[in-house]
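A.B. asks: Handing you this structure, nothing more for now.
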Amino acid sequence: RGLKIGFTLFLISEAFFFVGFFWAWFSSGIGNLSSGCLWPPRPIIPVYPWGAPLFNTAILLASGAAVTWAHRAVAIHDREEAMIPLGLCVLAGVVFLRFQFGEYKAASFTIADSAYGSCFYMLTGLHGSHVLGGTLFLAAMLVRNYFCHF
């Protein structure tokens, strides 16, 4: 029971961490717009949302479906069936992180440029660290499934 409560509190704290940075993002943007300034500030060129970000979103959605498939296969003790979706999830995580890194390299701004850059890199970096952790966890699950550990 204690572990369940602790994990629930951890998830709540993670959610509030994200909410806090989104709040800073929107507060900075709305404050600038209401005072007649531009958001994002000049000379920042925001990331084009219909390119790599949209592709990464599709990857995350497909990975969510694959991990659900893997969970159901593990639940019915179909070890061979679970290998495919677990492998797809690990591959999706690696591809997501590769595209995220490419976005960082192509961005016209840095974390030090403004509140826009700070919030952008904190939010996407925090999300990327969660994807990296999940990918490593799923890779461990893939290896454990291969060696029949569950």
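All positions are counted from 1 along the displayed chain.
Glycine is no exception: its Cβ is also placed from the backbone N, Cα and C atoms.
Pulled the feature table from TrEMBL, pasting it below:
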type	residues	note
DOMAIN	1-150	domain 'Heme-copper oxidase subunit III family profile'
TRANSMEM	7-27	transmembrane segment
TRANSMEM	47-70	transmembrane segment
TRANSMEM	82-101	transmembrane segment
TRANSMEM	121-143	transmembrane segment
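How buried are the listed features, and what sits near them?
C.D. replies: Outside the transmembrane segment (7-27) by six or more residues, the chain places 115-116, 119-120, 122-123, 126 with a CB less than 8 A from a CB of the stretch.
Away from its own ends, the transmembrane segment (47-70) comes close to residues 82, 84-86, 88-89, 92-93, 95-96, 99-100, 102-103, 106-107, 120, 131, 138, 141 of its chain (Cβ-Cβ under 8 Å, at least six residues beyond either end).
Residues 52, 55-56, 59-60, 62-63, 66-67, 69-70, 73-74, 124, 128, 131-132, 134-135, 138-139, 141-142, 145-146 of the same chain lie 6+ residues outside the transmembrane segment (82-101) yet bring a C-beta within less than 8 angstroms of a C-beta in it.
Same-chain neighbours of the transmembrane segment (121-143): 17-18, 21-22, 25, 60, 67, 70, 83, 86-87, 89-90, 93-94, 96-97, 100, 103-104, 110-111, counting only residues six or more beyond its ends whose CB sits under 8 Å from a CB of the stretch.
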A.B. asks: Just to be sure I understand, if DSSP states are collapsed into helix, strand and coil, how many residues of the domain 'Heme-copper oxidase subunit III family profile' (1-150) fall in each?
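C.D. replies: Result for the domain 'Heme-copper oxidase subunit III family profile' (1-150), in helix, strand, coil order: 117 helix, 0 strand, 33 coil.
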